[in-house]
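Notes to accompany the following structure.
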Amino acid sequence: QICNQHNAEAPNLEQAFHRMAQTEPNLDHDVSWFLLPSYWAKMVVALISFLCFANSYDGDFVFDDSEAIINNKDLRAETPLGDLWHHDFWGSKLSSNTSHKSYRPLTVLTFRINYLFAGGFYPVGFHVINIILHCTISVLMVDVFSILLGGLQFSNKGRRLNLAPKTSLLAALLFAVHPVHTECVAGIVGRADLLCALFFLLSFLGYCKAFRENKEGHNFSIFWVLVSVILGAIAMLCKEQGITILGLNAVFDALVINKLNVLELIQKLLHKDKSLENVGLLRKGLLFRITLLMSGGASILYIRWRIMGTGPPAFTEVDNPASFADSLFVRAINYNYYYSLNAWLLLCPWWLCFDWSMGCVPLIKSVSDWRIIALAALWFCLIGLICQALCSEDSHKRRILTLGLGFLIIPFLPASNLFFRVGFVIAERVIYLPSIGYCILFTYGFSLLSKQAKKKKILAVAVLGILLINVMRCALRSSQWRSEEQLFRSALSVCPLNAKVHYNVGKNLADKGNQSAAIKYYREAVRLNPKYVHAMNNLGNILKERNELQEAEELLSLAVQIQPDFAAAWMNLGIVQNSLRRFEEAEQSYWTAIKHRKKYPDCYYNLGRLYADLNRHIDALNAWRNATVLKPEHSLAWNNMIILLDNTGNLAQAEAVGREALELIPNDHSLMFSLANVLGKSQKYKESEALFLKAIKANPNAASYHGNLAVLYHRWGNLDLAKKHYEVSLKLDPMAPGTKENYSLLRRKLEQLQKKGG
């Protein structure tokens, strides 16, 4: 069928292509699998990849999405676009000591476009783009796997031939439905890995196009090589792993285009053989192309280094405990154990977790630890595959195994801790690209088994069963990523020793108002990690609200002792000390918090409350003014300023502050209420009435709003309306302070008027 599509005007060339396809062992020959035209194969892959993750489309912003999207100022229209090139993925300046140095400006740009088109933080648009990206990548994988498994050959018209249509479809399906990809697709932050993978694959396919006119490796297009380098740079601007495609392109060039035999090359180098050109290393163009790739990669890395600076990212021991171990032996053993766990997630992606840090994977500290078996199994398999890739007499096997290992290992290197410390133990998102290598090796293994098996259809049914199980697992895992509650609770059975899992479950419960249950999980987080200052801070906050001040103070004091620059804990400690009427200590705690976080409006607000309690009115007003300067929409600070000025008889100043506040926050009903009170006292009844009515329209169930409006009408002499609003206020809150007395006075007055009228 392939020959029938060839150009009849070049029969000799077509015959040569046909001979090449026949002499190269064909993986599809012994495989019992679906044979579909290329278009239909891609449609099937797209449909199935969509079905796997479709139920995540209406999920919430979960876990890291809050920091990377909701709290990231780089998404807002008021942030200049140029800032994206100087900030990290989380919106912090790259030059900051607290920056993680994750430089992904193009990913952040797509988030910004999502935000602008949606008109706000609506997660549906973000999720839909992620699903579309994964479907697109899965479709591209059909072409990529056809090259990696079947080789790179073109017709005389420049059309690439697919010599492995069945196995490339199988490998693409394996990739599309792998459950380990759920974090990248269902978690919006995974957009970085998806965009990186997209341009990674486009770079590879672009590099392959450079050999469309190739004959025996001599002719190639410099243009497409350069396009490949540019696409690799774009991939890196989406996520750091993208740069590895340049290395993989070089490996592909050597093995597939130049048919280099690595073992033969090593032997000739060791024996200083002068016939190296026969091996293919010096074949025309190879060294030049590799030089282009290396030069491009070095330039990209240099530019990135210049932008991000020389400082390493700031990680803590709980993020990656093995990297902080003093012993080189302990570090090496645990790194290798982490590799084996990543390999297991590819082989059996059943136990998935949103976070693997904080005790989820305890350190191996001795060779007597039974988990050493996992390391031995990993290296036994890797060494066996490497030996086959190097020493097999079958050039086809050498090529596929080397490419499979290359795509498995090389994209994983940035996450391996070999070159620099990373901020995680295991991250499912970083094996999105390495899973390409896994799919190659799995498919090749399936073809070898099919060759030996007598009942090939049973083997095909078994593989089809694996695909169906993976589809169901993807759908289940996607549903868990739809909300934080489901996501965090799903991790309890996978990583019960992970303090962060318990912390996040507790935080989610606290946000929903279930403080009693939240306390249980926060206590467990602190038990598992006695230095977990964030859990101590949140637990201390809840205990403070429950008036359990003594324990709250102990927890918060311990938190700032462990982490002296923890500004939030210092502020909360100040609030507790204020409640305990230890005012000097509270003031000191507030100022310590401000020392460690210069722009801390909430701390200035609480400091103002302390000064108000001490009747230090000028200091209180100054503190609240600082809060509003740092955060102009700080409604509580504005309100307290108005109320303090009102209570101290500074009605003109209170009115000026109230008007200033309403200009900044025009729809805040509490500010309308406070200013209406001031205007009423200043006998500006009409304006006061308008503000009261506006506040009531915004919040009709506030008893105090109706009560104070009734007082205004009472003063104004509009007694019927006063009576009406007193009654509404008492209906909403029968115990409203002062309202009963005022209502009684009004009724007596109305009775007196009736008697006079009678």
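Including glycine, each Cβ sits where the backbone N, Cα and C put it.
Bear in mind that TrEMBL entries carry predicted annotations, made automatically and left uncurated.
Annotation source TrEMBL lists domain 'DUF1736' at 311-383.
Counting residues of the repeat 'TPR' (499-532) by DSSP class, helix then strand then coil, yields 27 helix, 0 strand, 7 coil. Residues or ranges marked as repeat 'TPR' in TrEMBL: 499-532 (among others).
According to TrEMBL, the repeat 'TPR' annotation covers 533-566 (among others). Looking at the repeat 'TPR' (533-566) alone, the prediction's average pLDDT is 94.
What TrEMBL lists as repeat 'TPR' is 601-634 (among others). Across the range of the repeat 'TPR' (601-634), the DSSP-based residue counts are 27 helix, 0 strand, 7 coil.
Taken from TrEMBL, the feature repeat 'TPR' covers 703-736 (among others).
Feature annotation from TrEMBL assigns transmembrane segment to 39-57 (among others).
Long-range neighbours of the transmembrane segment (131-151) within the same chain, counting only residues 6 or more positions beyond its ends whose Cβ lies under 8 Å from a Cβ of the stretch, are 24, 26-28, 38, 41-42, 45-46, 49-50, 53-54, 56-57, 160-165, 167-169, 171-172, 175-176, 181, 184-185, 191, 194-195, 197-198, 201-202, 204-205, 208, 256, 399-400, 403-404, 407, 436, 439-440, 443-444. Residues or ranges marked as transmembrane segment by TrEMBL: 131-151 (among others).
According to TrEMBL, the feature transmembrane segment maps to 163-182 (among others).
Beyond its flanks by at least six residues, the transmembrane segment (188-208) meets 61, 63-65, 68-69, 89, 104, 106-107, 110-111, 123, 126-127, 129-130, 133-134, 136-137, 140-141, 143-144, 147, 152, 160, 224-225, 227-229, 231-232, 234-236, 238-239, 241-242, 244-246, 248-249, 252-253, 411, 429-430, 432-433 of its own chain at Cβ-Cβ distances under 8 Å. Summarising the annotation, TrEMBL assigns transmembrane segment to 188-208 (among others).
According to TrEMBL, the transmembrane segment annotation covers 220-237 (among others).
Outside the transmembrane segment (286-305), and at least 6 residues removed from its termini, the chain residues within Cβ reach (under 8 Å) are 103, 210, 217, 220, 222, 225-226, 228-229, 232-233, 236, 243, 246-247, 249-250, 253-254, 257-258, 280. Taken from TrEMBL, the feature transmembrane segment covers 286-305 (among others).
Below 8 angstroms of C-beta separation, residues 262-263, 333, 336-337, 339-341, 343-344, 364, 397-398, 401-402, 404-405, 441 of the same chain, each at least six residues beyond the ends of the transmembrane segment (372-391), sit close to that stretch. Taken from TrEMBL, the feature transmembrane segment applies to 372-391 (among others).
Taken from TrEMBL, the feature transmembrane segment covers 403-424 (among others). Within its own chain, the transmembrane segment (403-424) is flanked in space by residues 100, 148, 200, 240-241, 243-245, 247-248, 251-252, 255-256, 312-313, 315, 319-320, 322-323, 331, 335, 338-339, 342, 356-357, 382, 385-386, 389, 430-431, 433-434, 436-438, 440-441, 444, which lie at least six positions past its ends and keep a Cβ under 8 Å from the stretch.
The annotation transmembrane segment is assigned in TrEMBL to 430-449 (among others).
Residues annotated as transmembrane segment in TrEMBL: 458-476 (among others).
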Contacting positions for the transmembrane segment (220-237) when only residues 6+ beyond its ends and CB under 8 Å are counted: 103-106, 195-200, 202-204, 206-207, 209-214, 243, 245-246, 249, 285, 289, 292-293, 296-297, 300, 304
